[in-house]
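Colleague: Per TrEMBL, the features are:
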- 1-50: region 'Disordered' (REGION)
- 1-10: compositional bias 'Acidic residues' (COMPBIAS)
- 11-40: compositional bias 'Basic and acidic residues' (COMPBIAS)
- 87-105: transmembrane segment (TRANSMEM)
- 111-135: transmembrane segment (TRANSMEM)
- 147-169: transmembrane segment (TRANSMEM)
- 181-202: transmembrane segment (TRANSMEM)
- 214-233: transmembrane segment (TRANSMEM)
- 239-265: transmembrane segment (TRANSMEM)
- 277-300: transmembrane segment (TRANSMEM)
- 354-376: transmembrane segment (TRANSMEM)
Amino acid sequence: MSDQPGEEQTAEVRQRRVPDSPEEKKHLKAPERDDVRPTSDESDMDAVMQDDDRLERLTKSIPQDKGSLGEFADSMLESLPPRWRNWVVRGLFTVIMISTFTFIVNRGATWLMFLVFLIQFKCFQEIISIGLAVYRLYDFPWFRALSWYFLLTSNYFFFGESLIDYWGIVLKKDNFLHFLVAYHRLVSFALYCIGFVSFVLSLRKGYYMRQFSLFAWTHLTLLLIVSQSFFIIQNIFQGLIWFLAPVAMIICCDVMSYMFGFFWGKTPLIKLSPKKTWEGFIGGAFSTVIFGILLSLALYNRPFFVCPVQHYQTDSSNCTIPLAFQLQDYPVPRPFSFVYKILRKEPTVQLCPFVFHSIALSLFASILGPFGGFFASGFKRAFKIKDFGDVIPGHGGLMDRFDCQLLMGTFVMVYIHSFIRVPDASKLIKQIMTLEPNEQLDIFNLLKSELSKTGLL
């Protein structure tokens with residue numbers, strides 16, 4: 001008997017007789033599970049290559065960016081090398097996107113929320129389109145509609161209460177859509193149950209695995225997209241600067257990383273993104289920290305950006321500036337304080353705390369933020385696609401541009417709740433007014449007693 005396991009398996013296969021008659025085929029037992037295995041490493045590789053080829057065929061329907069600007073513009077750039085042509089296209093649309101974003105920011109919170117929802121819907125469409133292509137479910141229009149139904153249901157669950165409160169302030173109406181606020185969770189659960197039952201009724205024999213796979217795909221997409229957009233809009237409510245600064249830091253990191261990597265990049269950073277380099281990563285991080293400090297110094301004294309949205313909507317000329325944006329004295333550390341002593345000045349500087357907060361935000365944006373992009377790169381490699389779409393020439397789909405924002409929005413929300421946010425007195429009063437009269441009196445007496453102990457009464 002041979003010592004080679006591959007030869008043993010080959011000899012065993014040769015000794016197996018193929019059944020001749022239908023009766024023999026009928027009584028032929030299926031091989032045990034342990035017998036069903038590849039005969040060599042080459043068989044494994046063949047199977048992997050077949051899967052890769054299958055994925056490439058299935059995802060051909062996903063639009064991919066070709067960097068085209070139209071026939072006229074393409075003819076003007078035709079003489080440039082591909083690398084420089086891509087640089088021009090990316091640069092042009094980066095300027096267009098930043099200009100559009102600046103215009104929308106200056107229009108206020110309402111426009112920004114509509115922008116977030118628009119981006120959310122487009123990113124959801126790009127990811128769901130990949131799932132539909134991979135699981136070949138384009139022939140099920142009713143099933144596809146369910147994915148969008150779950151998106152709308154999730155949005156109502158996440159945003160229902162906060163947006164109704166916001167529009168009540170904007171429209172200056174008390175108890176605006178009070179029914180939807182009072183029974184928000186019940187309505188949300190009822191809407192989800194309708195979608196769940198509809199999914200079960202849409203199941204078709206022979207397609208169960210694919211339908212359940214896309215059902216899970218849809219819910220994972222909702223977790224990534226809707227929850228992140230919810231955190232981003234909650235950040236907007238705390239003040240436009242909590243949205244503008246993190247987004248601008250990510251944009252700065254992307255642009256400067258690309259610039260440093262384009263001109264000086266030589267050392268590969270990570271295999272998931274072969275074009276990313278250590279030079280670009282370090283250059284982008286340093287530039288983002290400097291940019292974050294300058295941006296905070298430029299915006300800290302502007303109520304339009306720093307006031308909580310609800311306070312600004314109520315009285316834009318007299319909103320309360322949060323403590324994080326009020327100037328405070330900080331001692332100058334040694335040896336720099338020696339210069340102040342020579343000049344016979346007090347060794348202190350006036351800064352608002354947000355300058356230090358901006359350093360923390362910019363470090364996260366430049367060090368951990370790019371891992372959202374690496375995650376998206378791994379996802380695209382898994383499904384053999386280059387881009388999530390082709391809506392932005394030179395960049396790809398919207399998801400290609402906002403992948404790094406996935407982690408950033410969550411971090412800012414956690415940071416605000418951990419170090420910045422204080423209880424909102426108006427919301428506490430609203431909650432107290434929903435209690436029974438005897439409970440309101442108990443709170444009043446308890447508060448009166450505490451204030452008397454502290455000497456405020």
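The backbone N, Cα and C atoms fix where each Cβ goes, glycine too.
Describe the structural context of each listed feature in the structure shown, including burial, neighbouring residues and relevant distances.
Modeller: Beyond its flanks by at least six residues, the transmembrane segment (87-105) meets 67, 69, 77, 80, 111-112, 115, 240, 244, 247, 251, 255, 258, 262, 392-395, 401 of its own chain at Cβ-Cβ distances under 8 Å.
Residues 55, 58-59, 61-62, 101, 104-105, 144, 147, 151, 155, 163, 210-211, 213-214, 217-218, 221-222, 224-226, 229, 232-233, 236, 240, 243, 383, 385, 388-389, 391, 397-399, 402 of the same chain lie 6+ residues outside the transmembrane segment (111-135) yet bring a C-beta within less than 8 angstroms of a C-beta in it.
Residues 109, 113, 117, 120-121, 124, 128, 175-177, 180-181, 184-185, 187-188, 191-192, 195, 198, 214, 218-219, 222, 226-227, 229-230, 233-234, 237, 309-310, 313-314 of the same chain sit 6 or more residues outside the transmembrane segment (147-169) yet have a Cβ under 8 Å from a Cβ within it.
Sequence-remote contacts of a segment are chain residues at least 6 beyond its ends whose Cβ falls under 8 Å from one of its Cβ atoms, and for the transmembrane segment (239-265) they are 87, 90, 94, 98, 101, 105, 108-109, 112, 232, 275-285, 287-288, 291-292, 295-296, 299-300, 304-309, 322, 325, 354, 358, 361-362, 365-366, 369-370, 404-405, 408-409, 411-412, 416.
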Colleague: Count the CB pairs under 8 A between the transmembrane segment (277-300) and each of 181-202, 214-233, 354-376, then give me the winner.
Modeller: 354-376
Colleague: Other than its close neighbours in sequence, what residues sit by the transmembrane segment (354-376), given a CB gap under 8 Å and a spacing of at least six beyond its ends?
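Modeller: For the transmembrane segment (354-376), the nonlocal Cβ contacts are 241, 245-246, 249-250, 252-253, 257, 270, 272-273, 276, 281, 284-285, 288-289, 291-293, 295-297, 300, 306, 324-325, 388, 399-400, 403-408, 411-412, 415, 419-420.
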